[in-house]
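A.B. asks: Below: one structure in structure tokens.
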Amino acid sequence: DCASGPCCRDCKFLKEGTICKRARGDNMDDYCNGKTCDCPRNPHKGEHDP
């Protein structure tokens with residue numbers, strides 16, 4: 001499925017809902033979606049959150 005990335009392990013996508021980037025400050029966690037090796041941005045984050 002994948003070669004590398006925060007949502008890839010052993011050439012497989014990590015399960016949807018797996019945290020791939022922990023929240024910092026008042027930010028929110030980012031989660032794998034089970035379909036990509038990248039760590040998608042949490043859609044519930046504010047517009048100006050990093």
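Every residue, even glycine, has its Cβ placed from backbone N, Cα and C.
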A.B. asks: Looking at Swiss-Prot, which one of Cys20, Cys32, Cys37 makes a disulfide with Cys39?
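C.D. replies: Answer per Swiss-Prot: Cys20.
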A.B. asks: Cys8 pairs with which of Cys32, Cys37 in a disulfide, per Swiss-Prot?
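C.D. replies: Here Swiss-Prot pairs Cys8 in a disulfide with Cys37.
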A.B. asks: Among the disulfide-bonded residues Cys2, Cys7, Cys8, Cys37, Cys39, which residue has the largest number of other Cβ atoms within 10 Å of its own Cβ?
C.D. replies: Cys7
A.B. asks: Least buried of the disulfide-bonded residues Cys11, Cys20, Cys32, going by other Cβ atoms within 10 Å?
C.D. replies: Cys11
A.B. asks: Average the per-residue pLDDT over the domain 'Disintegrin' (1-47) and send me the rounded value.
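C.D. replies: Here the mean pLDDT over the domain 'Disintegrin' (1-47) amounts to 90.
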A.B. asks: About how far apart, in whole Å, are the alpha carbons (Cα) of Cys7 (disulfide bond) and Cys37 (disulfide bond)?
C.D. replies: 4
